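K.L.:
Annotations for this protein, taken from Swiss-Prot, read as follows:
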BINDING   LEU20, ASN27, LYS155  xanthine binding site
BINDING   ALA127, TYR128, GLY129, ASN130, ALA131  5-phospho-alpha-D-ribose 1-diphosphate binding site
Amino acid sequence: MELLKQRILQDGKCYPGGILKVDSFINHQMDSKLMYHVAEEFARLFADSGVNKIVTIEASGIAPAIMVGYIMNLPVVFVKKKQPKTMDNMLTTTVHSFTKSRDYTVCISHDFLTDDDRILFIDDFLAYGNAAQGIIDLAEQASAKIVGMGFIIEKAFQNGREALQERGIRVESLAIIRSLDNCCITIADENED
């Protein structure tokens, strides 16, 4: 997605340790027009997947997930990082955050993730695939089917895609970062695998 790639190169910031900061347009302050185009592309990519529910994890996945849900006319549910006192019938798993260097016990109400669901997971980043693996675990607990996973940005050098594809998950990323070596952002061309 050329518009996204240009924005990453223009406004993305690189930090040592493989960190790409896009908080000025994706995951703190959001460019709503860019987010709409992102959602349109995910809706196009997964139009024939049979998805009936969008799932994300708080917090940065919520905005794109809501937009995808709106365009596809589907409900959106987000996995919570803190258990509400009011949540019953809960499914839980542990997810490690790469950027925050900590584990979270995340949860979702089984009322909102069931064996009738064919879910599309939407998130801002795919790095090592930790959040995505957590979603797979929750889906398995609920006997829900994952029809695909869509990521705004993938850091290919952290190999999250391979781990997901080994489990038979369809992965679509709108911008694939090949390298952040020497804090230089290298984005894959459309024709690269």
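Using the three backbone atoms N, Cα and C, a Cβ is placed for every residue, glycine included.
Worth saying up front: this structure is predicted, and the values here are computed from it rather than measured.
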K.L.:
Could you give the Cα-Cα distance between ALA127 (5-phospho-alpha-D-ribose 1-diphosphate binding site) and LYS155 (xanthine binding site), in whole Å?
P.N.:
5
K.L.:
In the same chain, outside LEU20, ASN27, LYS155, whose C-beta lies within 8 angstroms of the Cβ mean position for the xanthine site?
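P.N.:
My list of surrounding residues reads GLY12, ILE19, LYS21, VAL22, ILE26, THR99, ASP124, PHE125, ALA127, ILE153, ILE177.
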K.L.:
Looking only at LEU20, ALA127, ALA131, which of these binding-site residues has the biggest number of Cβ atoms within 10 Å around its Cβ?
P.N.:
ALA131
K.L.:
Among the binding-site residues TYR128, ASN130, point out the residue whose Cβ has the most other Cβ atoms within 10 Å, with all shown protein chains included in the count.
P.N.:
ASN130
K.L.:
Near TYR128 (5-phospho-alpha-D-ribose 1-diphosphate binding site), which of the binding-site residues LEU20, ASN27, LYS155 can be found within 10 Å, Cα to Cα?
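P.N.:
Taking LEU20, ASN27, LYS155 one by one, the ones whose Cα falls within 10 Å of TYR128 (5-phospho-alpha-D-ribose 1-diphosphate binding site) are LYS155.
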K.L.:
Sort the binding-site residues GLY129, ASN130, ALA131 by C-alpha distance from ASN27 (xanthine binding site) and give me just the closest.
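P.N.:
Result for ASN27 (xanthine binding site): the nearest of the binding-site residues is ALA131.
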